[in-house]
């Protein structure tokens, strides 16, 4: 029927069956089929339940033609009599039509019905029973939110109780001998939610000794009982359905269960079957029947807060109004119903709505006709169905306690004596008549047991009437879902939910993110040094998103960044009177937990702990047979007898290892056993044994024997995993690790460098699910995962190629709320997960790193610092035994070194450092440009102690060394700098020799750049202009000048990215007399000075501006006037202009050349005006360590970039 808003096909199987599979086929001889559908099932045909997988209403894929049979095996079988197929989408060629077949088997069920005043008692053959192992299983269907299902207790205080509270199951278990009322040592575990929905729920309790598995509807919670005993001792009987009061049949201590229980088994005993056969072990209290009664209530679900409504027909004969209903929702706002009481020009509406989780009954109309009553009870974020009653203007709301709301309405409010109205439940689309002003306040939730004037409303009849008016309503079913069960917020985050979403409140947890997955704290002390912090106590999170909580440590900023962990015995301790059989024992409790200690030591490059031991007639080893008289225990409790160094197993002290013991006949100073004070202080540095957990001193009981002991704190530095790496040189090779634990959340971070076009970084497969992280093209990184309903792909596009043999950083994260991917400093790509879709990533295969299970599309290159959920995978060790993979990466200092701008890469054991001494830059990778602003009268004079370039004095030109050296003539001058100014003319740079030859770089009156050389006084000054455009435009410009050649010189000048080459004669090599031919414009520019900002000035190997900023007290540097470090705005760094590789041969060839002077005079009047910067690619980084990507478009020259964290090891 085309008019049917919600078509369905219903099957009656005539009896309850266990359904395991369903198959569909298109309608024969037509173009009709169903492409997508959902299932519902019911025992009564009145109350329906949607079929779910992973707590999501499942949508089945149907047919795409008429003849093909599509069969689905249900992962979770269902026990039902009635089934409904709800088509969602039909054939695009025809309509909706299908053939249907259901597969399953018969289902045996022993059912008992409890009316709320009955119970079954299972009595033991003996007075009491004591069990080490118990198994209780049952299925139940409840009409109420409260009730005891199982109870048993013993006289010694043991008890077991399973009960419903507010629709949730609670298991109370006590194995202690003492009464729980006095000790409070019982175990209580809550599980399940919304269990009073008139549907079947399964429960299983498994106990062995103190270990318990508690399972409700497939969700299992493991816990351990408190108490001293392993047995559960129950006296006389175990009751089901309530707790009868002894001696008074039919009376109960707690609210008893109202509903049905089936297949009740206790330790292999079918209790209901025994009750049906009237076995003497079963005693019945009250009326227990063995068929399950059906509920008469029919629920209806309002699916949308903006479009769901149900209009009930008008009855013009009513003179009063009475409304009663039950509702259940998570939302705090919603219009439950509205009634138009008057349709005059000034309409009056009666409204019942939720406002800030409280019921609000109001009359809306003009000022004379407005009134409202607000309930004080909170009604949402609750597990209850709430009763609401409105009779003759009085509203009652009932859950466990009564809440009364009254609003009196007299007849004078209305124009007619009889009320003609329609009742509208929810918020209609036409809002003008019913005052539903805010669409978000429409009701979204479940309603049932609706009565109008004490007459029940037949919801099913309304659905079938052709004149009924409703929208976005689900009949016969309550689709409410507890999205906070199981709790998907991590690290103790609080779950808050609405109808279709849940949110995690991470306040006070130390974590952040959609599910509180990511730590807000740094992982090590190293990060605090990068922010300029001084030594102090800091909070760190050693494993990031891992299970360890954050903790406080002392961070000492010295030559190395030390993480210091103290303990409770830091003072000097005097020891006397101890023997080897009764030693003095000291147990250490550290300021952080043993798990944190192990994580710190494991991840650190080096750890040590000082043992200060002073002795007088107190030996460490027996001088006769070497038996240890004192010892210490390592972190695992293993006895150790060495006292210094990092090599275990050697019973020696530090003096023996250093060869300076007081008596070389002994390995320790104290073993000389002299009546004078000796010292055997040593440093323990074998990481696998640190820290000390206990120490024992056993030789201080003799005359004058005495010892003084002081154990220092644990001190660690470095990150041994940061350079943990592997090289992949075969496409078919990979490293394998255990299956990724990523069911609910996973975060992955790594560094890579490659020259390959593509490759898979890692992959893990399941039966249907998978996750993959790959370089799909030189410019593209993909994160792909499939939760069983189709792949999700998140892509990050890079503006430059990523296969440039440089290190690049990737961080990927996936949780139940969202997935994200970030590459270097590019913007974070985020993909939010739909609320109604699977959320568990179920993997089963090994984790493949650097390749795939198919051995195709493997990664070629280097991977390092691979961290998954806070755990670093040891690529280095795994690669040792894997063909096609090498441990480590082949050299950190290659032709494509990460040291920039001519910085020299220095190879270290497992890392590198950048020597920026001969560059105009600074920072870990020589990328931090050094800039300064100058005002009027300020300048920098730099005196060279070594001759540079071809601007030589006359004596040097006569020297054979100055004439014949090829390197000198090959590269005469290499000058580079950046500048920003508004003022002209301006002298930027001059270089003078003692015989008045010079090089000058200036801006002319029209702002164009001009280079002047005076190399031959006979020819005079030669001027070169790379271009005529003005560079005094307030923007930053890079300039690079390079002069090469012998008789004919080639001058290359690069301004920003434009290269200009000029040819001219090189200087002659003998003195020429003549007058001063200094250019007048140059003199004028020198008098005005330079007004602006200069950056990264380099003249061959000299870096005068860097020396002035970092070492202004040097005798080589003279600073005149005011000099301030500056950022020059946001400077665009061009690698082609900043890679100033210096030729070392220049210095070597000028040994006999006399001193020359280079004067760089820079003037500045006013601080430059900051200009608009080019767009910068930025993004929030979640990573433990990060290097600047080679293409980063902006440099901050004044302060370090705190968004990136770089380690230099």
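Keep in mind that glycine also has a Cβ here, set from the backbone N, Cα and C atoms.
Per TrEMBL, the listed range annotated as transmembrane segment is 1145-1166 (candidates: 1145-1166, 1167-1188).
Taking residue pairs at least 6 apart in sequence, the domain 'Laminin G' (111-292) and the domain 'Laminin G' (724-889) share fewer than three C-beta contacts under 8 angstroms. Using a Cβ-Cβ cut-off under 8 Å and counting only residues 6 or more beyond its ends in the same chain, the domain 'EGF-like' (480-517) has close neighbours at 55, 192-194, 219, 301, 305, 328-331, 381, 383, 444-446, 539, 541, 545, 549-550, 744-745, 747, 813, 815-818, 835-836, 839.
Helix, strand and coil counts under DSSP for the domain 'F5/8 type C' (1-105) come to 0 helix, 65 strand, 40 coil. For residue 889 (disulfide bond), the same-chain residues that are 6 or more apart in sequence and have a Cβ closer than 8 Å to its Cβ are 725, 726, 727, 753, 862, 864.
Neighbour count (other Cβ atoms within 10 Å of the Cβ, all protein chains): 23 for residue 862 (disulfide bond).
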